[in-house]
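Take a look at the structure set out below.
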Amino acid sequence: MDRPPLGPAEIVVDLAAIRANARLLGATAGVPLIAVVKADGYGHGMLASARAARQGGADWLATATVEEALALRADGVDGPLLCWINGPRSDLAAAAGAGIDLTASSVAHLETMAAAFAGRERPARVQLKVDTGLSRSGAPRADWADLFARARAGEEAGSWRITGLWSHFACADEPGHPANDRQERCFRDALDLAAEHGLRPELRHLANSAATILRPSSRFDAVRCGIALYGLDPAPGEATDIGLVPAMTVTAPLLMVKDLVPGDAVSYGQHWVAEERTTVGLVPVGYGDGIPRHATRPGAADRAATVGVAGRRRPLRGTVCMDQVVVDLGGDRPPVGSEVVVLGPPGAGGPTAQDWAEACDTINYEIVTRIGGRMARRYVDSDVEGSAS
Ligand SMILES: *Cc1c(COP(=O)(O)O)cnc(C)c1O
């Protein structure tokens with residue numbers, strides 16, 4: 001399950017945190033949890049995250065792609081499993097055979113599925129997705145009647161059972177945004193119209209992590225939580241503190257310490273120049289490992305990302321390289337080999353995923369999902385006693 005290391009940095013994932021977060025989200029929602037483990041479990045490892053979420057009581061798992069869902073099945077993960085992206089090369093028949101819930105957003109999707117399922121003895125499991133305001137996947141309102149009619153016809157023909165009906169929020173991380181009310185009303189309209197067409201989907205779901213915590217009216221029959229499962233805040237600045245525990249810590253060894261005198265420039269482009277004597281340290285992580293290159297920007301040294309070295313936060317200096325970053329040690333000389341906390345929970349001595357996100361003008365999702373590259377990934381379980389399921 002652990003990946004072989006190709007570099008000296010390490011991602012440590014605490015499975016107890018994922019388990020505890022799943023329990024917490026399930027308890028908060030009061031309805032079944034659909035644990036979202038797409039994109040390699042947001043950088044935490046898809047299989048391990050899936051197993052931990054299940055141990056924490058997640059009834060359902062979800063991936064984005066059919067291929068991710070099939071990979072989970074190949075690794076022995078059974079039970080309810082939903083996916084929502086399939087392409088021309090996706091093996092829909094295999095997914096149906098593996099009991100995976102597929103998602104259709106259009107009549108054309110349903111026609112493709114009907115062809116792929118021809119000859120199956122048992123109806124496949126299909127969920128319908130409606131667009132309520134994201135204008136991404138999902139059927140637009142004008143197409144709902146046709147979609148529901150074709151879905152119902154397929155049920156009568158024995159091709160599938162429509163097991164769910166769902167949609168996705170655009171602004172759940174801004175609870176005061178008027179789009180949330182509009183989308184929820186729109187979703188209720190879709191549910192009514194589906195019922196008029198004779199559909200009885202048992203799983204109606206709309207909420208992502210932010211809505212699960214901030215918008216009780218959107219919980220319906222289940223909630224789809226990704227980022228919160230990994231312990232990160234889905235809506236920084238909002239009332240989201242339910243006690244989630246970040247699962248990821250990234251560490252690397254300090255490889256070298258050197259002295260700089262005024263005028264010495266650091267890294268490609270020599271954008272950062274020492275104004276006084278200082279010491280700098282070399283840390284073997286870079287954009288090849290998912291450290292964003294815009295964690296430092298020319299002329300914005302005061303906003304540079306930091307890492308934790310020997311218990312203190314130290315700013316990155318100069319351009320982030322593919323394999324390394326340089327940090328300002330301010331004249332100190334921690335021993336080579338000292339542990340550098342590149343990312344971790346609050347209190348771990350380094351920046352949080354949210355700190356990185358703010359330094360890089362992005363969201364914590366992107367930070368943890370891109371972390372990886374050559375890093376080894378190791379799983380720990382801080383709560384072995386509680387792991388029996
Ligand atoms: C990624 C995703 C989720 C999970 O969102 P979080 O904000 O991480 O909880 C839920 N639903 C869909 C459709 C998604 O693509």
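Note that Cβ sites are derived from N, Cα and C of the backbone, with glycine treated the same way.
Copied over from TrEMBL, here are the features:
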- Lys38: N6-(pyridoxal phosphate)lysine (MOD_RES)
- Lys38: active site, proton acceptor (ACT_SITE)
- Arg136, Met322: substrate binding site (BINDING)
- 247-380: domain 'Alanine racemase C-terminal' (DOMAIN)
- Tyr268: active site, proton acceptor (ACT_SITE)
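Mapped onto this structure are the features recorded in TrEMBL.
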residue : record                         : Cβ neighbours (10 Å)
Lys38   : N6-(pyridoxal phosphate)lysine : 20
Arg136  : substrate binding site         : 10
Tyr268  : active site, proton acceptor   : 12
Met322  : substrate binding site         : 12
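Under the DSSP three-state reduction, Lys38 (N6-(pyridoxal phosphate)lysine) is assigned to helix. Taken residue by residue with DSSP, Tyr268 (active site, proton acceptor) is part of a helix. For the domain 'Alanine racemase C-terminal' (247-380), DSSP puts the residue distribution at 26 helix, 45 strand, 63 coil.
In this structure the alpha carbons, written CA, of Lys38 (N6-(pyridoxal phosphate)lysine) and Arg136 (substrate binding site) are 17 Å apart. Looking at Arg136 (substrate binding site) and Tyr268 (active site, proton acceptor), their Cα atoms lie 39 Å from each other.
In the three-state DSSP classification, Arg136 (substrate binding site) falls within coil. A Cα-Cα distance of 11 Å separates Tyr268 (active site, proton acceptor) from Met322 (substrate binding site). Mean model confidence for the domain 'Alanine racemase C-terminal' (247-380) is a pLDDT of 97.
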